[in-house]
Amino acid sequence: MEKNLYKSILRVAVILFSLTLLFSLFYQIPQEPKVLTLSELATKIEAGEVKSLEVAGEEITIVLADGGDEYTSQKEGGVGAVETLTSFGISAEDLKNVDIKIVDQSGFLFVMGVLLPTLLPILIFVLIFWFIFRQAKGGVNQAFTFGRANIHLFTNFKEKITFKDVAGLKEAKQELLEIVSFLKEPKKYLSIGAKIPRGVLLMGPPGTGKTLLARAVAGEAGVPFFHLSASEFVEMFVGVGASRTRDAFNTAKKAAPSILFIDEIDAVGRERGTGLGGGHDEREQTLNQILVEMDGFDRDSKVIVLAATNRPDVLDQALLRPGRFDRRVYLDLPDIREREAILKIHSQKIPLDKDVDFKKIATRTPGFSGADLANLINEAAILAVQEGKKSVGLQNIYDSVEKVTLGPARKSRLVSDKERKITAYHEAGHALVSAGLKHSDPVHKISIVSRGSAGGYTLNLPTEDRHLKTKSQFLADLAVAMGGYVAEGIQFKDISTGASSDLKEASRLARMLVTKFGMSEKLGPVSFDRSDDHVFLGRDMIAGKGYSEEVASKIDNEVELFINNAFKTAKKIVSSNPKALKAIADTLLKQEVLEQDQFEKLIKKFGLKQISA
Ligand code: ADP
Ligand code: MG
Ligand code: ZN
């Protein structure tokens, strides 16, 4: 900001300097005309040396007949030029050959001639200042409106967004509709004694549409909607957060009924007095100011504060107290049907092939947020363009799912035949174990195209979104994770590093079963999970493990037991179906990718007996 100010001052200085230079180049100091006394003039006229006279007020400009030299002379005011000359003994005869011109003094030119030298510098200064201020306005604006909240009226947004543009999130919309109706008809609610809520906190993982939903409220509300991002509070000068907060609230109050939206409120609303090395004063003051302002609302002041955060866990408890953000709206990651709807919204303007089935894509994208899905469609469109297509096909979208989740395909990576074979058997192992288990999710895709750090992958996905998962399903997952490792061991009598991430994932999962879900028989239904408390450094450093060394070693034993059992199950399935393993691996080597239906057709021939893990 300040840099900009210096820049514009420098620029003005340079311009001034060059102007001066130019001026001095072109402006030649006029030769001082020679001055004649009136008697000298009279003598010259008598001698017939004068060609013309020009009389302007008291000044007489004389042009001589010979070289055209210029002289000036001065006469008395109030007396005519001819009269003056006559008094010097000049006769009318003498003047016959002299042109006499009388210049009217009240002319525009005369006025300008007098005024311009005085006005010009002033004009230049005014221009310069105007220039500096205009320059400064963009950047240094905030320096001049020190402490003023950088508050935006929501109409600033380019496109109006309404609830129609937000897919799913039914409950959240419901809740917010209520708020909108409070603001539209406050009397209806106040008359039966209902209190208008003060604050509504939108919480949910990143990309679930919090900001989007707030914008939709603005579109629906029909009341002024003010928007500011909490990170802006602390962005520029230290010490302005609090006064900006005050200004923002004042602005909203003046416009009441209105909505004030504070996005990313966790930027200032973090729990005070935690964190190492002392708190962040600026943040605390801003937060305190928000609390003060929210308390200061009159009972019937019709301002509703809407805030969004993806870290409700770190918010200061005081913010969540009744009378402040007493309403909370949770935005979850979209479920399968919501994903379908979001995909539809975001592909409205994109030409699609007939084969595009949003349901299938939704099935393949569990855990994707709304933002991920929007991005997915965009990636697919880019892929289609790169392929020279005019519309987006299902395969483009599948490809971009892989690109988004695993990184771009590395077709250029040179893989030796040996490595390809290992990868093929590894992935075939995962898929085979999965097919041989009762409680496993179906295989959606097997690939040995390397992506990111993965050599290949097997995609197991539930057919429906799940909110609960059983122990038998977990055990199946563990066995499937072991499938690659087991297949490599059986086929090559050797193990590669390719299984390392499988093993890591399996250990993590097994530990969760023991410590979080109480699924270990020995330790029973006890949770040793403290991860919810470990939300951030401040508390994490203080909190301990929460259980003894003895329990820790028991946990380790149980984790080991789970892993070993999974290994045994996987081994049983792979070693009793060597032909199926070979068939899958060979097909993979031939065509690199196996889609769900192809895989199911292939495996059917071997009449796999499904067991429980
Ligand atoms: P955040 O919760 O992090 O504030 P945003 O509201 O910024 O997330 O969402 C990012 C983008 O994701 C939106 O601009 C929109 O394109 C897309 N999006 C997220 N949720 C939805 C939804 N429910 N319906 C439609 N689009 C969504
Ligand atoms: Mg946001
Ligand atoms: Zn693997």
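Cβ from N, Cα, C; glycine included.
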Checking TrEMBL, the member of Asp353, Asp355, Asp357, Asp502 that binds Zn(2+) with His426, His430 is Asp502
Given the Zn(2+) site His426, His430, Asp502, its other Cβ neighbours within 8 Å of the Cβ centroid, in chain order, are Glu427, Gly429, Thr458, Ala481, Gly483, Gly484, Tyr485, Ala487, Glu488, Gly498, Ala499
Counting across all protein chains, other CB atoms within 10 angstroms of the CB of His430 (Zn(2+) binding site) number 29
Long-range Cβ contacts under 8 Å made by the transmembrane segment (108-133), restricted to residues 6 or more beyond its ends, are 8-9, 12, 16
Using DSSP three-state counts, the residues of the domain 'AAA+ ATPase' (196-335) come to 57 helix, 29 strand, 54 coil
Result for ligand 2 contact check over recorded positions His426, Glu427, His430 with Cβ cutoff under 6 A is none
Using a 10 Å radius on the Cβ of Gly204 (ATP binding site), the other Cβ atoms enclosed count 22
Same-chain, non-site residues whose Cβ lies within 8 A of the Gly204, Pro205, Pro206, Gly207, Thr208, Gly209, Lys210, Thr211 Cβ center for ATP are Leu212, Ala308, Asn310, Leu331, Ser369, Gly370, Ala371
Result for ligand 1 contact check over recorded positions His426, Glu427, Asp502 with Cβ cutoff under 6 A is none
